[in-house]
Amino acid sequence: MHIPTAAPAPAKPLPIYRQLYFQVIVAIVLGAILGHYEPLVGEKMKPLGDAFINLVKMIIAPVIFLTIVTGIASMTHLRTVGRVFAKAMAYFLFFSTLALIVGMIVAHVVQPGAGMNINPAELDQTAVHSYVEKSHDLTLVGFLMDIIPKTLVSAFVDGNILQVLFIAVLFGIALASVGEKGKPILNFLEALVAPVFKLVHILMKAAPIGAFGAIAFTIGKYGVGSLVNLAWLVGSFYLTAFLFVAVILGVVCRLCGFSVFKLARYLKAELLLVLGTSSSESALPSLMEKMERAGCSKSVVGLVVPTGYSFNLDGTNIYMTLAALFIAQATNTELTLGHQIALLLVAMLSSKGAAGVTGAGFITLAATLAVVPEVPVAGMALILGVDRFMSECRSLTNFIGNAVATVVVSRWEGALDRNRLQLALDGRESELPPPIDVVPEALPAKG
């Protein structure tokens, strides 16, 4: 392991027009203008956004596999893997449940659907039929069985994050178990990390094009005008998500010695990319690299980030309970405390079953309402038109939640370089030396 003898000279910052976050901002603005004034042309820009997301998905599996395998194989005690995973899952379960409760509380306070007096029988259910059909496949057993791939190769071919995670953990444990015999393979995989992340950097140069196409399509197809009728619901959701991040996650960050706002600033390029593409997956490889650069252990990053993308969906959870109670209020459906507790419990399970599913938020909502028959599934037609505009906020909240979780779990494990984190969050990335991985078991575990 190379340890630098002196800090490198600070690199000259790039001009603003060459920085990714600025390019993405310009692309989003131009895409919105095109979609608004030339909606038919804007709709035709959809392939640009789809192509970029597919490019990123192409590299996600290798990034996850290499990060997890090299991280686990470098651990001297395999029980550390189980400890990190257990702490991560405990964090995910607590804050995912808290997000569901927050969405429910806000729905009661704001009452976004009150006074609409909608008759569910008069709603057009054909538009939501396909989502309801997909929701029938979301069962806990089916979700658990889907984690196991049919072959070692199929997980990479299908791009299933959980399956790649499963294979990587097993292979990393096996590689660590064989000791010195596995060293050549570990060295090869560690050498492979550099070109793979270089490829990520190359692909990210296309981010402005992808963001332009995705936002032009959204505005062109759905129009800003579709927000007016349900602006109270959309506004309530955005405000709730912001308060969840600023207050709840903000307190967690403060207790761990850093600011959630500085973390968001550090990840501004990734957040803008998520905003433009409405997909948190589009920034997954870059998030993993940046969290490691900010002082989080490679092994913790490799376990927490991919797992969090399936189990730590704070934004989706807020949306589910808020939208469900909005539908109940709009259709004058009375829900007892027992009904609402049942809704909460079902949402806890169904939100885990939609990992990696396109349109996961809407599909999990359909799955939840199907199990809690008191809320009419037909009421989903009310929010179908504005769901796309809430998708960006869901993705942004999910993304920030996973970034916070990575730092918190790293700190719990004593696997966080706080000096690197402070430099990164203060915007002094040019002063950062090459990352030196902190192996969790080398330090006393905390928490």
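Backbone N, Cα and C atoms are what each Cβ position is placed from, and that goes for glycine too.
Some features that Swiss-Prot has for this protein:
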TRANSMEM  22-42  transmembrane segment
TRANSMEM  52-72  transmembrane segment
TRANSMEM  90-110  transmembrane segment
TRANSMEM  159-179  transmembrane segment
TRANSMEM  199-219  transmembrane segment
TRANSMEM  232-252  transmembrane segment
TRANSMEM  325-347  transmembrane segment
TRANSMEM  366-386  transmembrane segment
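Annotation: stretch 199-219 has the most Cβ pairs under 8 Å to the transmembrane segment (22-42), among 52-72, 90-110, 199-219, 232-252, 325-347.
The stretch in 90-110, 159-179, 199-219, 232-252, 325-347 that contributes the largest number of Cβ pairs under 8 Å to the transmembrane segment (52-72) is 159-179.
Contact between the transmembrane segment (325-347) and the transmembrane segment (199-219) is not supported: fewer than 3 Cβ pairs lie under 8 Å, counting only residues 6 or more apart in sequence.
Sequence-remote contacts of a segment are chain residues at least 6 beyond its ends whose Cβ falls under 8 Å from one of its Cβ atoms, and for the transmembrane segment (232-252) they are 95, 98-99, 102-103, 106-107, 110, 112-113, 259-261, 264, 314-315, 318-319, 322-323, 326, 383, 386, 389-390, 393-394, 396-397, 400-401, 404, 408.
Among residues of the same chain six or more beyond the transmembrane segment (199-219), those with a C-beta under 8 A of the stretch's C-beta atoms are 20, 23-24, 26-28, 30-32, 34-36, 39, 41-43, 45-53, 55-56, 59, 63, 269, 272-273, 275-278, 282, 285-286, 289, 388-389.
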